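Listed features, source TrEMBL:
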type	residues	note
TRANSMEM	126-149	transmembrane segment
TRANSMEM	195-219	transmembrane segment
TRANSMEM	234-253	transmembrane segment
TRANSMEM	265-289	transmembrane segment
TRANSMEM	295-321	transmembrane segment
TRANSMEM	352-374	transmembrane segment
TRANSMEM	386-412	transmembrane segment
TRANSMEM	424-443	transmembrane segment
TRANSMEM	455-478	transmembrane segment
Amino acid sequence: MPISPYDDISPTEICMVDLSEEKHKAFVYAVKNQYWYQMYIDDLPIWGVVGKEEEKKYYIYTHKKFDISYNGKQIVDVTLTPERKELLRVGAKIKFTYEVNWKPSSVKFEDRFDKYLDPNFFQHRIHWFSIFNSFMMVIFLVGLVSMILMRTLRKDYARYSKDEETDDMERDLGDEYGWKQIHGDVFRPASNAMLFSALIGAGHQLTSVVMCVITFAILGELYTERGSMLSTTIFVYAATSPINGYFGGSLYARMGGKQWIKQMLLSAFIVPALVCGTAFFINFIAIYYHASRAIPFGTMVAVTCICIFVILPLTLIGTIVGRNLDGQPDYPCRVNAVPRPIPEKKWFMEPAVIILLGGVLPFGSIFIEMYFIFTSFWAYKIYYVYGFMLLVFLILITVTMCVTIVCTYFLLNAEDYRWQWTSFMAAASTSIYVYMYSFYYFFFKTKMYGLFQTAFYFGYMALFSGALGIICGTAGYYGTNHFVRKIYSNVKID
């Protein structure tokens with residue numbers, strides 16, 4: 001006879017466990033290390049502790065009491081209360097039971113997640129202050145960059161105009177230096193153009209995915225349905241594949257690349273390969289430990305099919321469109337047949353130094369937000385202030401562009417025309433500092449240990465940092481590319 005959904009269930013036995021020595025050690029280990037578990041009822045999360053330690057004795061809770069509140073025909077609240085402590089000892093027989101109590105509630109269904117939100121944490125004064133601080137940094141940085149570059153470039157234009165008025169012999173005998181001298185090499189294709197264009201295409205796609213998912217989260221409250229954020233991200237990533245193909249394919253064509261099919265395959269699979277490779281590696285460890293985090297085989301097959309039958313064809317379409325519409329070189333200056341030798345310069349003007357320093361300010365504009373994001377993910381708090389996230393993301397993109405433009409100007413003024421990879425890597429180095437911060441968070445803010453938890457944490461943190469690096473690198477290259485084109489189009493080149 002079926003039970004009515006609103007009928008209380010009196011204490012009912014779930015199972016009986018004979019506590020062998022092996023099971024006793026497992027339970028004692030869980031209680032000693034304060035293990036807790038998480039379950040879902042109608043997509044509402046509930047948590048409970050395994051047991052309790054008292055006077056160096058270990059007890060386990062054997063009874064689970066579920067208090068479920070309903071409004072009409074919808075569940076609006078769930079509470080779990082562990083009860084009945086029982087001493088853990090080898091040879092004991094432990095009976096696990098549960099009961100369910102139904103209670104009417106006036107809470108509306110659309111408001112049932114409000115109890116899980118933590119406004120005291122996410123809307124703390126520090127959070128608001130960090131947003132304000134980052135915003136002021138943007139204003140200051142944009143103003144500083146504009147003032148420095150405009151004044152400096154005005155002097156450069158004046159000097160180059162004066163040089164044009166001198167005859168060729170005086171110009172040859174003069175002390176010429178600066179970014180104008182490398183006009184014949186500044187638009188030379190980047191080394192390893194295939195990989196570079198693939199990363200730029202993936203960066204445009206990831207940026208589109210982040211913007212779309214944050215917007216959907218603001219409008220649709222994706223946190224109210226379990227797995228909806230991940231499902232939305234996968235769908236949006238697959239749908240935005242033509243963006244990847246368009247920007248990556250057109251850039252590769254402008255750089256004179258001939259193997260466009262290989263470039264398209266690399267562009268389509270570079271991010272999915274990294275994600276799936278990391279996830280499968282962690283999954284093998286999860287299977288070894290019999291963890292619930294193990295990804296089912298069917299999910300792996302589904303993701304593989306999405307990559308082959310959705311992402312690949314859409315990337316191919318975007319590549320073809322990009323090569324035909326925007327694949328012709330339109331540089332302001334001709335590229336010399338023979339590369340110009342790069343002169344020696346001071347150590348702090350070397351690309352490696354510029355790359356390491358380029359990510360400091362962008363990381364400084366987001367590191368407080370990183371704490372809130374890490375806490376929501378690793379401490380199981382529900383992140384819901386996506387308006388903050390959108391604002392911080394836009395601040396990050398703006399700061400990244402400003403910093404890489406300045407770095408590129410100094411590089412070009414040192415007559416080093418290797419600006420494409422330098423601008424990308426200087427911005428992408430933000431991910432290095434984010435990953436270093438994840439080490440601090442792991443050791444000082446979490447209680448994780450063991451192979452599985454360590455691999456799980458640092459594996460997915462590496463993916464997060466890598467994706468952020470690709471996004472920042474693309475933003476840095478995008479802003480720098482427009483800056484370089486602008487300054488060389490405004491100078492008369494003989």
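Cβ from N, Cα, C; glycine included.
Contact between the transmembrane segment (352-374) and the transmembrane segment (424-443) is supported: at least 3 Cβ pairs lie under 8 Å, counting only residues 6 or more apart in sequence. Looking at 126-149, 195-219, 386-412, the range that has the most CB pairs within less than 8 A of the transmembrane segment (455-478) turns out to be 195-219.
Counting Cβ pairs under 8 Å to the transmembrane segment (126-149), the top-ranked stretch among 234-253, 265-289, 295-321, 386-412, 424-443 is 386-412.
Count of Cβ pairs under 8 Å against the transmembrane segment (424-443): among 195-219, 234-253, 295-321, the largest is for 195-219.
Long-range contacts of the transmembrane segment (195-219) within the same chain, counting only residues at least 6 positions beyond its ends with a Cβ under 8 Å from a Cβ of the stretch, are 229, 232-233, 236-237, 240-241, 243-249, 251-252, 255, 257, 263, 266-267, 270-271, 386-387, 389-390, 393, 397, 420-421, 424, 467, 470-471, 473-475, 477.
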